[in-house]
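Some notes on the structure that comes next.
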């Protein structure tokens, strides 16, 4: 596509990694996902994690009840894996389309992961079942150990956990989520796209770790996996700009109340739903790779999940769009990524 492109029409995208939270936060943030995306994979790490079919059905009903009339989408539910997860529960949930995937959180890796897995070998029967039935395993890929530098956790995870896992279960479908490193890009590109893929967030494509400390600590840029060196950001950008089928859209939008982002122990997570799609467009434009935007946003994900590609389209136009400054949650607020900033692209109204 020419650098002078003023309008882009693509198949309506899906977001393959979304945190909606619950209750009042859910009610206020949900429309921003619905505005841009047809389907969304919903993360299960609530305060009370989604560990069963019954919990998933109840949470999905709360999501559907909260949806904005004009911004509806299909929530795709996931199961939070624990040492108590039953293979039969997973198989039943997957067969009945209650779950589209199961999520592996290493213990202590991120928000609400205290009941996550300490050793992946502890859930071998679950993984055997998932490989057998073709159920995707979604992975937060960080090796959690106080002796491992936080900037090295993702690379160490590939070496110590992911590579042995794939050798043991070669036909287990795996999504390495929100990748942040050159090592992840290289490892994934060298493996079968039918069994290993990755999602990439807009903030890891746009920022490096210097941004988190520019002019002082920037709590709203603190996320996990943490922002990395610029060489890693450039590896991510190169991966998507080449049209590689291994990579697809997963925003990892993660809302937290302002007071919880700026307190003594600030929460990890970036709420980017109001700007995520437009941010991806910005990156693809900068990389002169707009011809690959549709495959990354709308095609690679459903192909990996063996789901139909959406029939609807969305039109993006070269028109300034100001990102909302804040979202009110009772007496509290949530501040979105790129709050108050102006992006060069907008969604064309019907």
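Placed from the backbone N, Cα and C atoms, the Cβ positions cover glycine too.
Feature annotation from Swiss-Prot assigns Zn(2+) 1 binding site to 17, 19, 103, 252. If you look up Swiss-Prot, you'll see 19, 20, 21, 45, 140, 224, 256, 268 marked as substrate binding site. Taken from Swiss-Prot, the feature N6-carboxylysine covers 103. According to Swiss-Prot, the Zn(2+) 2 binding site annotation covers 103, 140, 178. Per Swiss-Prot, active site is recorded for 252.
Annotated features, which come from Swiss-Prot, shown on the structure.
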| residue | record | Cβ contacts under 8 Å, 6 or more apart |
| --- | --- | --- |
| 17 | Zn(2+) 1 binding site | 41, 43, 138, 177, 178, 199, 201, 250, 251, 252, 253 |
| 19 | Zn(2+) 1 binding site | 42, 43, 45, 111, 252, 253, 254, 255, 269 |
| 21 | substrate binding site | 29, 46, 255 |
| 103 | Zn(2+) 1 binding site | 43, 44, 45, 78, 79, 80, 81, 138, 139, 140 |
| 224 | substrate binding site | 109, 110, 111, 140, 142, 268, 269 |
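The Zn(2+) 1 site is defined by 17, 19, 103, 252, and by the 8 Å test on Cβ atoms against their centroid, the other residues of the chain that qualify are 18, 41, 43, 45, 138, 177, 178, 250, 253, 254. Annotated Zn(2+) 2 site 103, 140, 178; additional same-chain residues within 8 Å of its Cβ mean position, judged by their own Cβ, are 17, 43, 104, 105, 109, 110, 138, 139, 141, 177, 252.
Ranking the binding-site residues 20, 268 by other CB atoms within 10 A of the CB puts 268 at the bottom. In sequence order, 267, 269, 271, 334 constitute the residues six or more apart from residue 256 (substrate binding site) in its chain with CB-CB distances below 8 Å. The binding-site residues listed here are 140, 178; among them, 178 has the most other Cβ atoms within 10 Å of its own Cβ.
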